[in-house]
Amino acid sequence: MAAIPADAAAVTADGASRARHVAIIMDGNGRWATERGWPRLVGHRRGAERVKQLVKAAPDMGVEWLTLYAFSTENWKRSTAEVLGLMGIFARYIRREADAMAAEGVRMRFIGGRDRLDPALRDLFSWIEARTVGNRRLNLTVAINYGGRDELARAAARLAGRIARGEITHPTEADLAACLDTAGHPDPDLVIRTSGETRTSNFLPFQAAYAEYEFTPVLWPDFTPAHLAEILDRTSQRQRRFGGA
Ligand code: IPE
Ligand code: IPE
Ligand code: MG
């Protein structure tokens, strides 16, 4: 009987496992800017630069899936200027990085509810998803207007539809997983949160049920590929038992 789910981290000869799917709660942009007396958006812009670096570096560390929390369903509470500024950063990232993602083999996808987003941004999401669909080196998934509870509520509605149509009679965990925004993604092996906060803030509650967690005090605009490499090396020593003996 298989002790470890097929989609779990690659198990090395010594029984330790290396994370293939890393999910990151990119936190601390505002504090990074405020500490310097700069507007919060400067921190968000620097944060986007860090994403570019990480996307380039992650595949060489054995990471095949990178899922990034960029904007939560709760982040609409921020000022209009900050929200619009962030949406502008997302749109620019997609346009400016499209060629680099093609060259680097990055498949880009988005999770989160799209209804509340500007139609032009929604179109950009669809455009880049279609354009990068054949890329295989890194699966980059960005969570925008994402909340785990909102995702579960939308998934429950989809599942109810399938049951009503008679496609499913006894729903299983896999049936629910297939209705989530992350359908087709393996579960994250490792979740990292920057900026010293030790909470998950509604990020992947279903998918990360068995993930390892790492909390680092480093603010996101200071988080480099070297920080990721250090965390991956250290956490690969952990034994994940998935409930087994
Ligand atoms: C994370 O940085 C980025 C988003 C949530 C959009 P924050 O903007 O939350 O930065 P802090 O937590 O205020 O420092
Ligand atoms: C979590 O950070 C969301 C993202 C990183 C996009 P927040 O800064 O919004 O979370 P809280 O408010 O500290 O829980
Ligand atoms: Mg924050």
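We number each residue from 1, going along the chain as drawn.
From the backbone N, Cα and C atoms, a Cβ is placed for every residue, glycine too.
Note: TrEMBL annotation is automatic and uncurated.
A simple way to gauge crowding: the CB of D27 (active site) has 20 other CB atoms within 10 angstroms, across all the protein chains here. DSSP assigns D27 (active site) to coil, not to a helix or a strand. The active site annotation in TrEMBL covers D27.
What TrEMBL records for D27, E212 is Mg(2+) binding site. Long-range Cβ proximity for E212 (Mg(2+) binding site), meaning a same-chain Cβ under 8 A and a gap of 6 or more residues, is found for A19, D189, L190, V191, T235, R238, R240.
Under the DSSP three-state reduction, T73 (substrate binding site) is assigned to coil, being neither helix nor strand. Positions annotated as substrate binding site by TrEMBL: 28-32, R40, H44, 72-74, W76, R78, R193, 199-201.
The active site, proton acceptor feature in TrEMBL is assigned to N75.
For the pair N75 (active site, proton acceptor) and D27 (active site), the Cα-Cα distance reads 12 Å. Local packing around the binding-site residues G28, G30 was summarised as the count of other Cβ atoms within 10 Å of each Cβ; on this measure the leading residue is G28. When secondary structure is read from DSSP and collapsed to three states, H44 (substrate binding site) falls in the helix class. Across the fold, the C-alpha of D27 (active site) and the C-alpha of R193 (substrate binding site) stand 7 Å from each other. Among the recorded positions D27, W32, E212, the residues whose Cβ sits under 6 Å from any atom of ligand 3 are D27.
Sequence-distant contacts of T73 (substrate binding site), defined as residues of its own chain at least six apart whose C-beta falls under 8 angstroms from its C-beta, comprise G112, G113, N145, Y146, G147, R149, D150, N202.
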